[in-house]
Amino acid sequence: MNTSPIDSWDGAEAVFTYADNPAMMGLFLLVALAITFGTIIIAAVHEKHAYNNH
Amino acid sequence: MEQEIAALTERLAALEGASGMSGTINSEIFYWWCTALMIAIHAGFLAYEMGASRVKNVLASGIKNILAFAFMVPTFYFFGWYIYNSFYEGLPPSGAVGLPWEASMGPNLTDNATGIFWAAFTLFAATTASIFSGAVIERIQTAGFLILAILLGSVVWILGGAWGWHPTGWLLTEFGYHDVGAAGVVHMVAGFFALGVLINLGPRVGKFNSDGSANAIFAHNVPFTITGLMLIIVGFFGFLGGCIIYMPGEQWINIYGQPTTLSAFAFNTLMGMAGGIIGAWVKTRDPFWMMSGALIGIFAAASGLDVYYPPVAFVLGTFGGFVVPMVAVQLEKMGIDDAVGAFPVHGIGGMIGVLACGVFAGGYPNIDGYPPVSLWGQLVGATTMGVLGFVPGFLVSFLLNAMGLLRVPDHIQEMGLDIVKVPVSAYPENYTPGPVSVATPSGAAAAPAE
């Protein structure tokens with residue numbers, strides 16, 4: 001599978017392999033946001049559960 | 001002859017290109033190592049925070065601090081860098097620079113600067129979160145803490161940075177604000193933010209008696225706390241190195257574009273630090289406060305590290321190291337349990353630094369016709385940083401408290417957080433304390449400070 005947006009370095013600037021178009025960048029950005037803030041929600045739920053069990 | 005001139009011209013152009021690229025890469029290398037050194041700040045806070053906790057909470061305190069670091073990185077990528085680059089004129093934003101989908105926000109063969117500066121600023125953000133983290137040990141919920149840490153590290157302090165620590169921030173352009181070592185934009189903001197949260201969070205169970213008198217809650221590992229504080233000092237050399245701008249082929253400039261040298265920072269950082277240790281030692285005889293005094297001394301001199309005569313930095317450091325422990329005592333008398341002295345050390349230490357710059361650097365010129373440094377400008381800056389830190393900290397922690405996401409229930413605090421939330425034990429072979437001294441130095445707070 002070729003994930004590279006370039007095949008030589010002539011004139012190359014930003015090189016984001018795999019996420020080389022707005023749709024893929026947006027998708028990965030959204031996933032990263034979901035992981036970051038979703039983890040906080042999971043932490044809150046886990047914490048309440050732990051407190052209730054003691 | 002013409003061919004020789006053409007060949008020489010070509011070689012000269014090649015040499016200029018090579019020299020320019022060498023300068024660019026040297027600059028990149030400088031900030032790379034500043035960033036690496038700044039990780040020592042976080043390591044130091046981690047050690048201090050765990051050492052200052054009781055055995056029953058030591059790993060929970062460590063987890064909280066590590067998570068602050070982890071969450072600061074992506075959130076500063078998502079919106080922290082954008083806030084710094086787009087809000088320098090105040091609210092609303094002046095542009096839309098630094099958003100995470102820009103070509104500069106990732107590997108880019110034509111941009112050697114953005115990533116390395118983003119990394120350095122991210123570590124500044126982690127420092128603010130660590131300052132706050134120590135104040136709230138042993139009784140804050142992880143989720144509430146993370147929300148507050150993200151708010152402080154990736155929104156609030158960097159907004160202050162955009163206003164007062166930016167080449168065209170409004171505090172500079174309107175008031176000539178001078179704060180090269182971030183006494184206001186990092187330390188005041190973080191210290192006042194912590195104070196706002198502490199009011200809503202309340203003290204650790206057992207800290208205060210029903211008559212309002214305070215009980216000492218002792219650190220479980222004093223050598224660890226002192227070592228941690230010394231590690232923070234090491235990290236601050238990366239922090240302060242990251243506060244000035246490497247201009248390949250030219251003299252250094254500070255964040256406001258004024259010429260300076262790394263030597264100036266070396267003189268005044270060390271002299272302030274030494275003064276702070278001595279001032280705190282004279283006042284307290286307490287090794288916690290002596291190392292906290294080292295930090296206070298740096299903050300007390302931080303705003304004018306580029307311009308002070310080194311004995312001025314030393315005197316400021318001594319003054320800060322002597323005075324700030326008294327603030328900690330008063331805070332405790334007010335019923336506020338600041339477990340590591342974050343507000344006195346960073347909030348008040350930073351405020352001394354910002355205001356002192358108005359007195360001891362008044363009249364120092366700014367570039368581009370901006371007002372010179374003045375006591376009035378520093379007063380405006382200090383007030384801005386204090387309010388900017390306190391108000392969001394107080395309001396958001398109030399909301400989190402109302403939602404039940406702030407304070408660990410008292411019965412859990414009594415059991416200890418590690419046994420409830422952490423799957424491993426800090427000292428599985430049992431912790432055996434030696435003889436305990438319950439004496440506290442005259443005039444010092446019962447709890448250690450950082």
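Placement of Cβ uses the backbone N, Cα and C atoms for every residue, glycine included.
Since the structure is predicted, the reported quantities are computational estimates derived from the model, not experimental observations.
Per TrEMBL, these features apply:
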{"type": "DOMAIN", "residues": "B:30-423", "note": "domain 'Ammonium transporter AmtB-like'"}
{"type": "TRANSMEM", "residues": "B:29-50", "note": "transmembrane segment"}
{"type": "TRANSMEM", "residues": "B:62-84", "note": "transmembrane segment"}
{"type": "TRANSMEM", "residues": "B:115-137", "note": "transmembrane segment"}
{"type": "TRANSMEM", "residues": "B:144-165", "note": "transmembrane segment"}
{"type": "TRANSMEM", "residues": "B:180-201", "note": "transmembrane segment"}
{"type": "TRANSMEM", "residues": "B:222-247", "note": "transmembrane segment"}
{"type": "TRANSMEM", "residues": "B:262-281", "note": "transmembrane segment"}
{"type": "TRANSMEM", "residues": "B:288-305", "note": "transmembrane segment"}
{"type": "TRANSMEM", "residues": "B:311-331", "note": "transmembrane segment"}
{"type": "TRANSMEM", "residues": "B:343-364", "note": "transmembrane segment"}
{"type": "TRANSMEM", "residues": "B:376-400", "note": "transmembrane segment"}
Cβ contacts under 8 Å made by the transmembrane segment (B:144-165) with residues that lie 6+ beyond its boundaries: 64, 67-68, 71-72, 75-76, 78-80, 83-88, 90, 121, 124-126, 128-129, 132-133, 136, 171-172, 177, 179, 182, 184-186, 189-190, 193, 197, 255, 381, 384-385, 388-389, 392-393, 396-397, 400, 405-407
Long-range neighbours of the transmembrane segment (B:180-201), counting only residues six or more past its ends (CB under 8 A): 124, 127-129, 131-132, 135-136, 139-140, 148, 152, 156-157, 160-161, 163-165, 239-240, 243-244, 254-256, 260, 265, 269, 298-306, 336-338, 342-354, 357, 381-382, 384-395, 397-398, 400-401, 406-407
Whether the transmembrane segment (B:343-364) meets the transmembrane segment (B:62-84): three or more C-beta pairs under 8 angstroms: no
Interface-richest range of B:29-50, B:62-84, B:115-137, B:288-305, B:376-400 toward the transmembrane segment (B:222-247), CB pairs under 8 Å: B:29-50
Folded-back contacts onto the transmembrane segment (B:376-400), same chain, C-beta under 8 angstroms, at least six residues removed: 132, 144, 147-148, 151-152, 155-157, 159-160, 163-164, 171, 175-179, 184-185, 188-197, 199-201, 303, 347, 350-351, 354-355, 357-358, 406
Tertiary contacts of the transmembrane segment (B:288-305) (same chain, 6+ residues out, Cβ under 8 Å): 178-184, 187, 219, 222, 225-226, 229-230, 232-233, 236, 240, 243, 264-265, 268-269, 271-281, 312-313, 316-321, 324-325, 341, 345-346, 349-350, 352-354, 356-357, 360-361, 378, 441, 444, 448-450
Contacting positions for the transmembrane segment (B:262-281) when only residues 6+ beyond its ends and CB under 8 Å are counted: 181, 233, 236-237, 240-241, 243-244, 252, 289-302, 304-308, 310-311, 313-325
Intrachain residues whose Cβ lies under 8 Å of the transmembrane segment (B:311-331), provided they are six or more past its termini: 267-269, 271-284, 286, 289, 292-294, 296-301, 304-305, 338, 341, 343-345, 348-349, 352-353, 356, 360, 443-445, 447, 449
Close approaches to the transmembrane segment (B:115-137) from elsewhere in its chain (Cβ under 8 angstroms; 6 or more beyond its ends): 27-28, 31-32, 34-35, 38-39, 41-42, 45-46, 48-49, 52-53, 57, 61, 64-65, 68-69, 72-73, 76-77, 80-81, 84, 105-106, 108, 145, 148-149, 152-154, 157-158, 161, 182, 186-187, 189-191, 193-194, 197-198, 201, 238-239, 242, 338-340, 342-343, 346, 393, 450
For the domain 'Ammonium transporter AmtB-like' (B:30-423), mean pLDDT (0 to 100): 96
